[in-house]
Amino acid sequence: MQSLTGTVESIVYRSDGDDFTVFRLVPARENVPVSVVGNFPAPLVGEELDLTGDWVEHSRFGRQFKAASCRRLAPTTVKGIERFLASGAIKGIGPATAARMVARFGDRTLEMLENYPHRLTEIEGIGAKKAAVIRASFAEHSDLREIMLFLETHGVTGAYAGRIYKHYGAAALAVLKENPYRLAAEVDGIGFRIADHIALALGHDKSDPARLTAGIEYALLQTAQTGHCCLPEEVLVQESAKLLGADAIDIAVCLAGLVRDNNLHTEDSQGTTLIYPGLLYHAETQVAARLKRLQERAFPAESGDAVRAVDAWEEREGITLAAAQREAVAAALRHGVLVLTGGPGTGKTVTVKGILAVLAEQGFKILLGAPTGRAAKRLSEACGREAATIHRLLEATGGREGAPQFLRDERTPLDADVVIIDEASMIDITLMYYLLRAVPEGCRFVLVGDVDQLPAVGPGSVLKDIIRSGTVPVVRLSEVFRQAGESVIVVNAHRINRGLFPDTRSSADFQFREVADEAAVAAAIVRLCGEELPAAGLDPLADVQVLSPMHRQQCGVENLNRLLQAALNPSTPARPSVGGGALRLGDKVMQTRNNYGKGVFNGDIGYIVGADSGIALVRYPDGDVLYEKAEIDELILAYAMSVHKSQGSEYPAVVMPLVAGHYIMLQRNLLYTAVTRAKQSVILLGTKAALNTALANDRTRRRYSLLAERLRGESLC
Ligand SMILES: Nc1ncnc2c1ncn2[C@@H]1O[C@H](COP(=O)(O)OP(=O)(O)OP(=O)(O)O)[C@@H](O)[C@H]1O
């Protein structure tokens, strides 16, 4: 390694993420600038740097200094100070003011700025107000520089300094020195791994209790991301020990302390101690308590009138409800909480319309909701009355991903006597908690959904657990009302749900194309979407959805998206790119996190209708949303998506690979969920063996949760 000291002359390139830069530097005691590349944020023009690295020969750009570390020095020469101040880094100072300042204070200019800012008014053109602006900006800049310097001298890239400073301001250094693990919990974009890297680099001990605590909390968080609400103690200890490279005994001791101090919660069930993070414990206990209360306290309804009301409604609609459907309507009148479940075409929506008619007749005020915008829209169209997403019902506002803010809660509950929620299988334990918190006392609560669909992406298997508890009235609809000829998809969905091979012969609307090789499957999918389906009158972007069981491999979501983008929306000069070239004008994209500020949510699909200077305009069904450069990473391509992400949506045509490489995800409920997303046609491509594996595999991994036990009022200790 060699060292190189000099002054930054100009910035040639800075990456979007601010973690790669190329600049020209004039070495000390020389006049000829050299090129420097480095994996750190771009420095400021005029800054003096002390670099460590190697000289390399680049095939296109020639000789350059590849810097491994960068230490910023305060400029010392008059020329350096002037260049630094003139760079625009400090608000209120431009080149002319910079020249006047160094002319007045010489090499003591920075000292004046730091310690005697009132003397700035001695300079022509600087009044008291401007002096205050300059002083504040300089202070901010020097704080930030200090954090960068602190991180870089400890071998950590200064790229995180901006985020850390934004969150803690002047207190940042103190936090870094005292407990860098706080960053993981408090700073957006910094997780446990980065915080741990910083802490270890700063010399914190591997067995530091703050490290063990943060590691245990991180391991629990990871657990929630795989669908569990809690974890057996031994499993958590093992996972944490592996993650931290620490002794299991130390972890167990730390864990006991966290439980003692109520930072984590425990529950003993059937001889196993389960550990909960605070929010999930609260959510689960509250969901159970609130469901029980709603069951007990529903406003009474007049059931005598109800029979007449159902009869009158049937006559008006020209329909005769089946016995199970009538039972559901009656149960909605009798009970405070009701679950209505059934597969596709079993008449759930018709039953909901019956429930609506009867309850509205009794003067109840009814709210309809669903977890996704598309499901809410469908419900609204089917029922002929307004339906909203749960987030909209709860009036979601800004807030961090983990703790959204809802204006509707127990203090300002929903204005309703009945709340009916469709696609309830998609609701995780935290959303159910926020929803129930806002359902007023005495209100009826009806959950409608297909319990055989995949469970929610988030923690818990709420609908399944409520049904499993046996404490809430459940009406199961099993008769399929749609005619077989009318929908081979519905017939096959029910066959798949029973583990039977789908009928792929009698109609072109449900095809299985045998293709042996995985690369050939991917190519066939591209041909299908690019040529065959458009020739059959389908719009490959709006009407066709490719679904895949996994993200990786040739037939995974990522590769299919790359291939489909190249085929359906190829790169041309007329289609500017955004997001570092990953996305371009015309692309079909998906929002990947809940952004309450923008009103777009995880799973929302749109199209890029504008792209300019790194900024994108995305058209969603509810309107256009602008993404600044730094926000583009919330978007991914959506020509193909995972089956999990497709929950709650429907598409005219679904195309899906079924290949051996996706072995671990070949499950019956995944195939069932994918197939039931299609309205007109399904095309599966792959091997019979993979299809059979999916049909045979009905073992769904049990999610750790005690909601059913709590509803049953079981003593958990
Ligand atoms: N009692 C009934 N008699 C005759 N037809 C019915 C009856 N109930 C429902 N149907 C018809 O069956 C079809 C499916 O009903 P519905 O849409 O209510 O089912 P669903 O369970 O909501 O289906 P999906 O989950 O696929 O939306 C509709 O065409 C509906 O009109």
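The backbone N, Cα and C atoms fix where each Cβ goes, glycine too.
Annotated features, as they stand in TrEMBL:
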type	residues	note
DOMAIN	83-104	domain 'Helix-hairpin-helix DNA-binding motif class 1'
DOMAIN	118-137	domain 'Helix-hairpin-helix DNA-binding motif class 1'
DOMAIN	182-201	domain 'Helix-hairpin-helix DNA-binding motif class 1'
DOMAIN	334-485	domain 'AAA+ ATPase'
BINDING	Gly345, Thr346, Gly347, Lys348, Thr349	ATP binding site
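Features as recorded by TrEMBL, highlighted on the structure.
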residue : record           : CB count, 10 Å
Gly345  : ATP binding site : 21
Thr346  : ATP binding site : 24
Gly347  : ATP binding site : 23
Lys348  : ATP binding site : 22
Thr349  : ATP binding site : 16
* Structure fact -> Counting only residues at least 6 beyond its ends, the same-chain positions whose CB falls under 8 A of a CB in the domain 'Helix-hairpin-helix DNA-binding motif class 1' (83-104) are 7, 44-48, 75, 112, 120, 122-126, 130, 133-134, 136-138, 141
* Asked: Mind checking which residues reach the domain 'Helix-hairpin-helix DNA-binding motif class 1' (118-137)? Cβ under 8 Å, same chain, six or more beyond either end.
  -> 90-93, 96-97, 100-101, 104-105, 112
* Looking only at the domain 'Helix-hairpin-helix DNA-binding motif class 1' (182-201), what are its DSSP counts of helix, strand and coil residues? -> 15 helix, 0 strand, 5 coil
* Structure fact -> Helix, strand and coil residue totals from DSSP for the domain 'Helix-hairpin-helix DNA-binding motif class 1' (118-137) stand at 15 helix, 0 strand, 5 coil
* Segment-level pLDDT (mean, integer) for the domain 'Helix-hairpin-helix DNA-binding motif class 1' (118-137) -> 88
* Asked: Apart from Gly345, Thr346, Gly347, Lys348, Thr349, which residues in this chain have a Cβ no more than 8 Å from the mean position of the Cβ atoms of those residues at the ATP site?
  -> Gly342, Pro344, Val350, Thr351, Leu477, Phe481
